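Working notes, structure below.
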Amino acid sequence: MAVVLPIPEYAENGPKELDAGSLFVLKSRGSWLHCGYHLTTAIVAPTLLSLPFAFTLLGWIGGMICLSMAALVTFYSYNLLSLVLEHHAMLGKRQLRFRDMARDILGPGWGRYFVGPLQLGLCYGLVVASTLLGGQSLKFIYLLSRPNGSMQLYQFIIMCGGLTLVMAQLPSFHSLRNINLVSLILCLIYCACTTVGSIHIGHSNKAPERDYSITGVGINRIFGIFNAISIIATTYGNGIIPEIQATIAPPTTGKMLKGLLLCYSVVISTFFSVAISGYWAFGNQAQPSVLQNFMLDRIPLLPKWFLMITYIFTFVQVSAVSLTYLQPTNVVLEKRFSDPKKGEFSIRNVVPRLISRSLSVIIATTLAAMLPFFGDIMALFGAFGCIPLDFILPMVFYNVTFKPSRKSIIFWGNTIIALVSTVLSLIGAVASVRQMVLDAKTYRLFANM
């Protein structure tokens, strides 16, 4: 039986052993294909079903420009992060976490007090949001079979949380490779179903009267535009590129780019098909999730079996998304409670892992059930989390690491992207808080939304 030796971190005074979080959760055993599966699951999630709604705030031209620019900038940004990680690995100092990059490139305070907490908060928030979305999908499935059913949303959220609790015990990020392959296939299927459903309704006599005028007037329209930009940026968001690259077996050179190409072939085919078909079919009546447009006054506009398949695949895929974004939390828990000198499956490490991960999922499930309006909160997380981690820090890391000439296009391109993204992040945060204030009167704990 082959023995896999841990890859050491390197401090300024030489190598040091990995902590339990890096050693057990971020095992470097994967291929570029596995990397592509992880990337696709992290990006191509059911949140993309909100893209037609973003178009209602931007219109055809604005929507297509923002969707295309976000695809180009994020692909470029993630590739820059990969190049920085490969550069440090070649110097014998492989970085396995986002906070490690910030610590080594910007200084220890940036990793400990800014990037680490920011990433952890964003990823855990996405676990809560995914659990909520999974519960909503289960509820839709229930209502399709029992339109007058009395079960409440929080009950379905608990069911979704129960599935996540069991699957969360998989020991490492690499353990998710087959689950995330299934996730990739499922997202292609439910996006194809969504596209076909939108086109079918658009051509039927049940189609709503199409109006492509931009919603809102005055200040509401301006804030709506920034809300839409935040929605699109969050949909393309990832936030765990270093952790995904950490799962690749060395040497890592060029493997992340192959994974990104696989991922973005899926991203382009799903994001654009869902956004264009949904906005074409429903115009400015597109709902925050286009699947909501498939029901009119609780009456399905498509065959029940078709809707059932779409919602089931959405539920299963969002469960994989939840597991993927749980990994940074697992790293922290393993580092705190496990002993790297003991075996990964020793009683000393299995018991704390079982307890800590179960508590983590139970807390996320409780928050999802208590706060069914968490989507509004997540928009704020997106402005403060996704944009800095995915649009700003990669540019800064590259410029600081490689120090391109101040006269070069790449230096000014990175600087402009970082500055524009900073402004959008701040305005997006203001717009998100404003929307939360406007919606506050509808907030109620454990609401059956």
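Note that Cβ sites are derived from N, Cα and C of the backbone, with glycine treated the same way.
The domain 'Amino acid transporter transmembrane' feature in TrEMBL is assigned to 29-437. Summarising the annotation, TrEMBL assigns transmembrane segment to 67-89, 110-133, 153-170, 182-202, 222-241, 261-282, 302-326, 354-371, 377-397, 409-431.
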Segment proximity, the transmembrane segment (67-89) to the transmembrane segment (110-133), 3 or more C-beta pairs under 8 Å: no
Listed stretch, out of 153-170, 261-282, 354-371, that has the most CB pairs under 8 angstroms to the transmembrane segment (222-241): 261-282
Proximity of the transmembrane segment (153-170) to the transmembrane segment (354-371), 3+ C-beta pairs under 8 angstroms: yes
Candidate ranges 67-89, 182-202, 261-282, 377-397 - greatest C-beta contact count to the transmembrane segment (302-326) (under 8 angstroms): 182-202
Range from 182-202, 261-282, 377-397 with most C-beta pairs under 8 A to the transmembrane segment (67-89): 377-397
